[in-house]
Amino acid sequence: MDNESQYSGYSYKSSHSRSSRKHRDRRDRHRSKSRDGSSRGDKSVTIQAPGEPLLDTESTRGDDRDDNWGETTTVQTGTSEHSVSNEDLTRVSKELEESSPLECRRFLGPALGAILGLFALVTPLAFLALPQLLWRESLEPCGTPCEGLYVSLAFKLLVLLISTWALFLRPPGATLPRLYVFRCLLLALVFLFVASYWLFYGVRVLEPRERDYRGIVGYAASLVDALLFIQYLALVLLEVRHLQPAFCLKMVRTTDGASRFYNVGHLSIQRAAVWVLDQYYSDFPVYNPALLNLPKSILSKKISGFKVYTLGEENSTNNSTGQSRAMIAAAARRRDNSHNDYYYEEAEMERRVRKRKARLVVAVEEAFTHIKRLQDDEPAASSPKHPREVMDPREAAQAIFAPMARAMQKYLRTTRQQPYHSMESIINHLQFCITYNMTPMAFLERYLSPGPTMQYQRENGRGRQWTLVSEEPVTSALRPGLVFSLRRLDFSLVVTVAPLPFLHLGEEFIDPKSHKFVMRLQSETSV
C-alpha cells in the first residue's frame, strides 16, 4: 500500500513536472519569437467561439521558419501605425536622396533657350557683317534704302530682344518630370528657321560672294520678321491659350479632407500639377498631423477579449455559451458608447482652447502696455522720479516676451501648434510687430487662426519634392474625368478634373411702357 501511494506520488510529480516543463518551454518559445521580431506592441483582441481551438495556426506552427525569415518579416511596434519593410526603407532613402535635385537641372532648360535665342539674335547682324569683312571692295553701293532698312532692322531686333527676355528668360518655379511640349516645339522651330537661313545664306551669298548688298540687307530683315512671328506664336501658345477657363479642378488632401476648387484652361497634366501646387501653398491651411489623432480617452479604451473554457460535463455547454454571449454583448455595448466619449472630449477640448485663448489675449494686452514708442520730440534722458531706458525693437520684444511666454506656451500646446512656432520665431514676429507699431491682436493673428502652408515654410521649403502620379502621360492635355495625385511622404493631394458646363443664354425683351399698375379696391378698405 505504501509502495502504491509512493508510486502514485511519483507519477503525480512527474506529470506535474512534465506539464510545468511544457508550459515553460512554450513561454520561452514565445519570448524568443518576441525578441526575433514577431512581437506586436498593439494588442489585438480575439474572441474565440465555442468549439474553435484557442491557438491559431501561427501559434501552433512554432518556429518552423526558413533561415531568411528576418529579411521578410514585418515588425509592428506600439509607436507606429504602418508596417515598414526593407523595401520601404530603401524607397524612403531614395526619395530623400532625390529630394535635393542639382541646381544644374533646374537651370538647364532656360540656359539652352537663352543660348539659342542669343544665336538667333546675332544671326541677322552676322549676315550684315560678313560681306563687309570678306569682300567689301566688290560690294555694290547701297544708299538711302539700306539706311532705312538699318533703322527698321535695329528697332525690330530691340523689340525681339525685349520680348525674348520677358517671355523666356524667367526663373523657373518648378522642375517638370517631362519636357514642356510647346516650349520644345518653339525652340525646334527657331532652330529650324535659323539653320535654314544659314544654309541658304551659305549657298547663295557666301559661296558666290554676292555683290548686291541691298538684297543681303533685305534677307537679314526677312529673318527678323520670321523671328517676330515665331515670338507672337510663342505668346499665344504659352501665355494666352490657357487663360480661358475650361476645366474645374477639385483638390483634396488625403489626410484631413481639406479641399479647394479651381478653374483652369487647357493645360497639360504636369503644368496643371505645378499650378495647383502654387495655389496649395497659398490657399490650404498648414498640415498638422497632431490634429488627426483621436482623443486619448478613446484611444486608451481597449476591448477585453474573452476566452471561454468548457469544464465538466456536456450539459454545462449551453450555460457557458449563454454566459459568453452575454459578456460579448456587454463589451459591444461599451464599445458603442465611444461616440459619447468623443463628443464630450471634443467639447472639453473646445472649452480648454477658449480658456487658453482668453488668458493669452489678456497676457499679450498687458505686455504691450509696458512699452511705448519714443517720439522724436520727447527727451530720452531719464530722471530719478521717472526712470527710462531706451531700447531697440529687439530688446523691447525680449523684454515683453517674458510675461506672455507661459500663456503662449500653454496655448500652442493645447492647440498642437508648438512644432511650427519656436521661441526665436515668436520673438522675431514680436519684433516685427513692435517695429511697425502693430496692435496686440495683429500680433496674435498668426497664432489664433491657422495660416496657409506658405507661412510656415522655411527658406528652402518651397524646394520640396512632389511626385506626380497619373495613369495618363504627364505631357497629355487635361480631359474630363481625369484623376491624378501629387504625393509626398506624409500625405497626398488628389486632383479630379471636371468640365465646366456649357451655358445657353437666352434673351427676353421687356418693353419699358409695359410697367403699368392699377390698384384693386375693396369695399372693406378705407381707401
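Using N, Cα and C of the backbone, Cβ positions are placed for all residues, glycine too.
Please treat TrEMBL annotations as automatic predictions, because they have not gone through curation.
Note that the coordinates shown come from a computational prediction; the quantities given were computed from them, not determined experimentally.
According to TrEMBL, the feature region 'Disordered' maps to 1-92. The compositional bias 'Basic residues' annotation in TrEMBL covers 15-33. Annotation source TrEMBL lists compositional bias 'Basic and acidic residues' at 34-43, 58-68. Per TrEMBL, compositional bias 'Polar residues' is recorded for 70-83. Among the features that TrEMBL reports, transmembrane segment is placed at 107-129, 149-168, 180-201, 216-238.
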- Which range out of 107-129, 149-168, 180-201 gives the transmembrane segment (216-238) the most CB pairs under 8 Å? 149-168
- Query: Counting only pairs 6 or more apart in sequence, are there at least 3 Cβ pairs under 8 Å between the transmembrane segment (149-168) and the transmembrane segment (107-129)?
  - Reply: yes
- Task: Six or more residues out from either end of the transmembrane segment (180-201), which same-chain residues have a Cβ under 8 Å from its Cβ atoms?
- Result: 109, 112-113, 116-117, 119-120, 123, 127, 219, 223, 226-227, 230, 233-234, 237-238, 268, 271, 475
